[in-house]
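First comes the structure, then the notes that go with it.
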Amino acid sequence: MLLRIALILGCWSILSEGAENDIAEREDRKRPIWNMAHMVNAISQIHEFGALGANSIETDVSFDKNAKPEYTFHGIPCDCFRNCMNWEYFNHFLEGLRNATTPGNPKYRDRMILVVFDLKSNGLYYDAQARDAGKNLALSLLQNYWNNGDNGGRAYIVLSVPLLKHYELFQGFRETLKEQGHEELLEKVGYDFSGNDDISDIEEAYRLAGISEHIWQSDGITNCIYRGFDRVIQAVNAREKFEGIIKKVYFWTADKPSTVKLALGESVDGIMTNYPNVVVDVLKIDEYQQRFRFATIDDNPWEKYKPYGK
C-alpha cells in the first residue's frame with residue numbers, strides 16, 4: 001500500500017512539474033509588453049500610475065541655461081485631458097524614483113522596471129550644448145539615482161532625444177560614466193530618437209554617435225490628434241532585419257482600447273499611454289492574452305523578442 005501511494009505521489013509530482021513547465025513555456029512564447037505611463041513628472045505619480053498597472057514611466061526633463069537638467073516638467077500644451085503642470089526638481093525626482101525602484105526600500109514597486117527620460121534638448125540655448133547636457137545628465141543620474149553605484153535604483157533607463165543633431169548628448173553621457181569609473185552602468189541605458197524622422201536618418205545619427213545597441217524606436221503623436229501606423233510598420237520592419245540596430249519599438253500616445261489593440265496588432269514592444277489600466281484591460285482579452293504578457297525585470301529591454309525555441 002505504501003509503495004502504491006509513493007508511486008501515485010511520484011507520478012502526480014511529475015505531471016504537476018510538466019504542467020508548470022508547459023505554462024512557463026507558453027509564457028515565454030508571448031511578447032513582453034512595456035506598459036509606459038506618459039508624462040510622469042511628480043514623485044507621487046510614480047506610485048499613482050504604478051497602481052494603474054504601469055511597469056514603465058516616461059518623464060519629461062528640461063535643462064537650464066547651462067545645460068544642466070533642472071525640472072521634470074512638460075508644460076502647456078500637452079495631451080488632452082491631462083494636467084500639464086506637475087513638476088519636481090530633477091535631482092529630487094531621481095531620489096523618489098530611486099526609492100521606488102530599489103529592492104528593500106519601503107516605497108519599492110517591483111513592477112516598475114523601465115524609465116524613458118524625454119529629454120527636452122530642443123530647449124537648450126545652443127545646439128552645441130548637447131554634449132554638455134549629456135555629461136550633466138550622467139552626473140545627476142550617477143549621484144541621485146544610481147547612488148554612485150552603491151545599491152541604486154534597478155530600473156532600465158532610455159534616453160530619448162527629439163532632434164537627430166543632438167546625438168552628441170548620448171556621447172557626452174557615455175563618456176562621463178566611463179570617466180567616472182562606472183562604465184558598467186551603461187548596461188542599464190538605452191537610446192531613442194523621438195522626432196518621427198526617417199528610419200534611415202536615425203540609423204545614420206546612431207552611426208555618428210558610435211552606438212549600435214540598446215536602441216528603442218518610438219513613433220507617435222499627442223492623443224489630441226489621430227496618427228496612422230505607417231511609420232510604426234516601418235520601424236517594426238527595421239527591427240526585424242537580421243542585422244538591424246533597432247531592438248524595440250513603442251507607440252505613443254494610445255489611450256483608447258481600439259488604439260491599443262491596433263498598436264499590439266503591429267507587434268510593438270511598448271505602449272505609452274495616459275491610462276495604463278486601459279492596456280491592462282486589453283491584455284485580459286483572450287485574443288491578446290494568448291500573444292502578449294507584461295514585461296518583468298527579467299526581460300532584457302535591449303534584446304529583440306524571439307518566441308521561445310526559435
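Even glycines carry a Cβ here, placed using N, Cα and C.
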Candidate sharing the Mg(2+) site with GLU58, ASP60 (per Swiss-Prot), from ASP118, ASP127, ASP132: ASP118
Per Swiss-Prot, cysteine bonded by disulfide to CYS84 (from CYS11, CYS78): CYS78
Nearest recorded site to CYS80 (disulfide bond) by CA-CA distance, among recorded positions HIS38, GLU58, ASP60: HIS38
Cα proximity to ASN99 (N-linked glycosylation site), best match among recorded positions HIS38, GLU58, ASP60, HIS74, ASP118: GLU58
Local Cβ density at ASP118 (Mg(2+) binding site) - other Cβ atoms counted within 10 Å: 25
For ASN99 (N-linked glycosylation site), the three-state class that DSSP assigns: helix
Residue among active-site residues HIS38, HIS74 with least C-beta crowding, 10 angstrom cut-off: HIS74
Cβ-Cβ neighbours of ASN99 (N-linked glycosylation site) (radius 10 Å): 17
